[in-house]
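Under the heading domain 'Alpha-D-phosphohexomutase alpha/beta/alpha', TrEMBL lists 51-88, 116-166. The active site, phosphoserine intermediate annotation in TrEMBL covers SER64. Residues or ranges marked as Mg(2+) binding site in TrEMBL: SER64, ASP276, ASP278, ASP280. The domain 'Phosphoacetylglucosamine mutase AMG1' annotation in TrEMBL covers 178-283, 297-435. Residues or ranges marked as substrate binding site by TrEMBL: GLU370, ALA371, ASN372, ARG497, PRO498, SER499, GLY500, THR501, ARG506. The coiled coil annotation in TrEMBL covers 380-415. Taken from TrEMBL, the feature domain 'Alpha-D-phosphohexomutase C-terminal' covers 473-520.
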Amino acid sequence: MDFEKVAKYSALHPKPAGLTLQYGTAGFRSKAEHLDHIMYRMGLLAVLRSKKTKSTIGVMVTASHNPEEDNGVKLVDPLGEMLISAWEEYATCLTNAEEQEIQNILTEICQKEAVNLHQDASIFIGRDTRPSSEKLSQSVIDGVSSLGGQYHDYGLVTTPQLHYMVCCQNTQEHYGKATVEGYYQKLSKAFGELTKQASSCGDDQRSLKIDCANGIGALKLKEMERYLPKKLLIHVYNDGIKEKLNHLCGADFVKVYQKPPLGLEIKPNERCCSFDGDADRIVYYYNDTAGHFHLLDGDKIATLISTFIKELLTKIGKTLEMAVVQTAYANGSSTRYLEETMKVPVHCTKTGVKHLHHKAQEFDIGVYFEANGHGTVLFSKAAEEKIRQLAKEEKDNQKREAAKMLENIIDLINQTVGDAISDMLVIEAILALKGLTVQQWDAIYEDLPNRQLKVKVADRRVIDTTAAETRAVTPPGLQEKIDELVKKYRLSRAFVRPSGTEDVVRVYAEADTQVSAETICPYSSCIV
């Protein structure tokens, strides 16, 4: 290891005095001006991770749904998944180290992980459209280069595209071609095949308005449009030409404020959706004829997809274990509908897609979506092989066609991570095949009224939780007060949990009426 070169480059990326950050579920996030040293050091860590795994590792420069002045970075593991927990700790330690400590920490990581320093290292780098991203991306490159790693800079890509390409590279392109064009080709082909049997419908049913949060999703959707069949008419809004990234728009804004984004005018019953800034989240919505806003979030998406997959599994007559994985933020109505009506098992995990992803891997088919619209579907290797074999060899026409549909679903879904573009195409295909309007989809079950807010605190660590973050363990007495409160309202529940990235406590409440939910939520925040 050339420590002289590492030190020389490190001096060009100094750590601000007193700054301490932690690698959370979405990597590091902060004001862009605080991140130069972190980007350099994550370039270093990515090289060590690549040498350890003998695989290509991804580094994505993005702060997703955060304001434009923020930025962040996340590392992508060999199969397109998020960085494993042990290396998250290394990332935090390396980031917060003083200049003179870097050499010792790098040496310690190499010793603990038995890293072969003579092994080649390969890094894929991507960035979002923030003004700060290009410069910060160069800082990553400096880190990679100083340890002698090879890199491929993909430039502007969505976060899911980088995850996809890392997986493609490390599976010798069994998963697909490790190019943005390969991504477009694979998804558009699967979408076209899947929707072949959809009955033709008018422009109003084929038309979809997409709010791209003034982010990278707009750029990539426009590139992809020429690959897509003409049966889907997409109209892109908030494309980043005039307004700021994530400002009063995007999936997170629509979900939290329960209203349409700025810059997108909705006519009654028009089908619309919003991506977040790096295009890994999606929510749908519409206004009814009375002007009331209806949100179809991650819960509704998980229900639509899992119902469709279960119907196909029933047709092929094969017993594959399918489950839906949710977090505490999932609406209680969705859980009841899946378990009681659809007879689909539901499991609850801690917040953060890495927790849902790991749980979903336990099943033949695992469907996971956070309520914020971040999610995907995972197919086990055995399930995928069985489905592809049936699509090819099954003699019964109906069973074979159902297997082919499942095969196209497998190819259309980005299994590495939540992907707004991929999820949007899956949803549009299912709606077309089932002949469903957005209103009919919404009517499958009715959400319980809910409210969420965040409370600024001096130290979020004073609150500790258990039972997938639905019960507070500390401080003493907090959970008892919440239990006492929710007893007063029908179908009610509430929980508080510390944020994974900032000193705030998140509060959630739901009940049989909006008034009750609104009453519980602010009161719970006062308890905190």
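Backbone N, Cα and C atoms are what each Cβ position is placed from, and that goes for glycine too.
The two recorded residues, ARG506 (substrate binding site) and SER64 (active site, phosphoserine intermediate), show a Cα separation of 19 Å. Each of the binding-site residues PRO498, GLY500 was scored by the number of other CB atoms within 10 A of its CB, and the lowest score belongs to GLY500.
Contact between the domain 'Alpha-D-phosphohexomutase alpha/beta/alpha' (51-88) and the domain 'Alpha-D-phosphohexomutase C-terminal' (473-520) is not supported, since fewer than 3 Cβ pairs fall under 8 Å when only residues 6 or more apart in sequence are counted. Across the structure, SER64 (active site, phosphoserine intermediate) and GLU370 (substrate binding site) place their CA atoms 15 angstrom apart. ASP280 (Mg(2+) binding site) and GLU370 (substrate binding site) are 11 Å apart (CA-CA, integer value). Listed by sequence, the residues of this chain that lie at least six past the ends of the coiled coil (380-415) yet keep a Cβ under 8 A from its Cβ atoms are 80, 160, 163-164, 186-187, 189-191, 193-194, 197, 309, 312-313, 315-318, 320, 361, 363-365, 422-423, 425-426, 429, 433. If you measure from the Cα atom of PRO498 (substrate binding site) to that of ASP276 (Mg(2+) binding site), you get 22 Å. Looking at GLY500 (substrate binding site) and ASP280 (Mg(2+) binding site), their Cα atoms lie 18 Å from each other.
Counting in whole angstrom, ASP276 (Mg(2+) binding site) lies 10 from ASN372 (substrate binding site) by their C-alpha atoms. Over all protein chains present, the Cβ of ASP278 (Mg(2+) binding site) has 34 other Cβ atoms lying within 10 Å. Annotation for ASP280 (Mg(2+) binding site): same-chain Cβ neighbours under 8 Å, separated by at least 6 residues, are SER64, THR158, THR159, PRO160, HIS374, VAL417, GLY418, ASP419, ALA420. ASP278 (Mg(2+) binding site) and ASN372 (substrate binding site) have their C-alpha atoms 14 Å apart, to the nearest angstrom. Cβ packing within 10 Å was compared across the binding-site residues ASP276, GLU370, and the lowest neighbour count falls to GLU370. Within 8 Å of the centroid defined by the CB atoms of SER64, ASP276, ASP278, ASP280, the record's Mg(2+) site, lie the Cβ atoms of THR62, HIS65, ASP128, THR158, THR159, GLY215, ALA251, PHE275, GLY277, ALA279, ARG281, HIS374, ALA420, excluding the listed residues themselves.
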